[in-house]
Structures are given as structure tokens and as C-alpha cells.
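The following block contains the structure, expressed as C-alpha cells.
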């Protein structure tokens, strides 16, 4: 399957999170994105060095600036279960705007064409690192990294595109 690209409509899919009572909930990506300007960024895994030290903090630190440029939602997707993602989100107490959503079986990541097979490293199927700028379900910017790179999918890269 070809990776999602500029001009494509994002597929719908169901992602998971924990509510305030730590109960698993699900949400449709279309319900969060229809009629809105959203950033969807994906990381290979919670608690991993680049994701925890660079990728996620960049979006948290620049969230107000992104919102000021018309972004309605900032969504972080990782191929982890919602319990892991909830614990990871708590390591960013300054976060006010980034939603952490779990794609436990990589179904949505696969629908985007952005899965990364790290089975040989003992990590299974993960997500490629990416950042999408989506307006009313259409991809306006698709910054998809190769391998373990972190060169084009930062919050700063999305700000430049806005």
C-alpha cells in the first residue's frame, strides 16, 4: 500500500485512549478531523528516546503557536495500547493540547500506509515517524520520515507549512 500523500483523504479509523476514570474509550479519527484543521503525527513508540525527547516535546512546546495559526487539534498516534500511551502522556505534565491516541494493533497506521516492520529488532510492527497537516479530512502536508530519521516531521516543519 502506498503511503498517504498530499491530496489524499485520510481514512477513517478507530483509535483508543483512557478517560478520566482510566477506562478504555475509542474515537473515530474522522470525528476529530471533519471540518477542522488538524495535525496528526505518528511516532514509532512511547517512551523511546527521539519520540520522548524531541518529537512530542516539540508539538507540546509549539502547541499555542500552532493553534494561533488555525490548528484545531494536535493528535499523536503510536502503535501502543492506551494504557501505555496514558502513562507516557503523564510524563508531559505541561501538555495542554496534544491528544495521545493508541493504535494498538497498527490497523490505522496500516490504513495510512505508514507501518514500519521492526520485527527483526524485537519491536514488531510500529509506525514510521510522520507529521500530517489535514484540513477537512484532506492531507495538505505529508512529512514522512525514512528509517529512524527525525528531519522533516517536527512541529517546526509543520509551522513552516502553515
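Positions of Cβ are set from backbone N, Cα and C atoms, glycine also.
TrEMBL does not curate its annotations; it predicts them automatically.
Annotations per TrEMBL:
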ACT_SITE  51  active site, cysteine sulfenic acid (-SOH) intermediate
DOMAIN    4-162  domain 'Thioredoxin'
Measure the Cβ-based neighbour count of the residue listed as 'active site, cysteine sulfenic acid (-SOH) intermediate', defined as the other Cβ atoms within 10 Å of its Cβ.
21
Need one number: mean pLDDT over the domain 'Thioredoxin' (4-162).
95
